[in-house]
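Trainee: Sharing the record's features from TrEMBL:
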BINDING   LEU9, ALA10, GLY11, LYS22, ASN50, ASP68, ASP101  GTP binding site
BINDING   ASP101  Mg(2+) binding site
DOMAIN    6-163  domain 'MobA-like NTP transferase'
Amino acid sequence: MTKPPAVILAGGKATRMGGGDKGLRTIGGKPLLDHVLDRMRPQSGPIALNANGDPARFTDYDLPVLPDTLPDHPGPLAGVLAGLDWAAANGHEAIVTAAADTPFFPADLVDRLQQAAGPSGLALAATREGEKIWRQPTFGLWPVALRDDLRDDLQNGLRKIVMWTDQHDAGLAIFDTDPVDPFFNVNTPDDITEAERLLEAL
């Protein structure tokens, strides 16, 4: 299968860690975003970052920085839309997304999402705990063909990713959480400590 371009959703603020960008917090001596890019590069085509504010803080990455195209930063779906608009302008049919604060996501994420895609070409990552399925809505495969529908729904107030993906029969790529939850994300100083531990264990 063709490797789709990737958009790293890097707009999250480290409000529980004193502010700034979560993706620029460090584990193992380098920013979370570096770990995410190291995981994504072998799996995807071109990569862009979705982030708002001054793009200069990401200059060292030499990647396109895509701000939300809708006002008031309405959440991750706005980042997905910005990515879809970028992909459409560059002749791509779909994008894959990942969050900048989730450094251990699967090395086969993109392949599994492509295999799981629903009838519209849409898929989300998920994990299973016992009988429960937990969707990971910032990790998905998104077809460019749905971008105008997404734009309309966002302009009409939709914010929850899974409400939108359910409307379009998204497939699920289900991943194991043993021995480590691959979608562990960093939100607090304690999470930084845990991420350092996991990094050493992997």
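Every residue gets a Cβ built from N, Cα and C, even glycine.
How about a rundown of where these features are and what they're close to?
Mentor: The Cβ of LEU9 (GTP binding site) has 26 other Cβ atoms within 10 Å, all protein chains considered.
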Trainee: In this predicted model, what is the average pLDDT of the domain 'MobA-like NTP transferase' (6-163)?
Mentor: 93
Trainee: Taking the residues the record says bind GTP (LEU9, ALA10, GLY11, LYS22, ASN50, ASP68, ASP101), how far apart in Å are the two Cα atoms that sit farthest from each other?
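Mentor: Greatest Cα separation within the listed binding residues comes to 18 Å.
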Trainee: Would you mind ranking the binding-site residues ASP68, ASP101 by how many other Cβ atoms sit within 10 Å of each Cβ and giving me the lowest?
Mentor: ASP68
Trainee: Going by DSSP, give the three-state secondary structure for ASP101 (GTP binding site).
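Mentor: DSSP call for ASP101 (GTP binding site): coil, neither helix nor strand.
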Trainee: Tell me, how many other CB atoms lie within 10 A of the CB of LYS22 (GTP binding site), whichever protein chain they belong to?
Mentor: 24
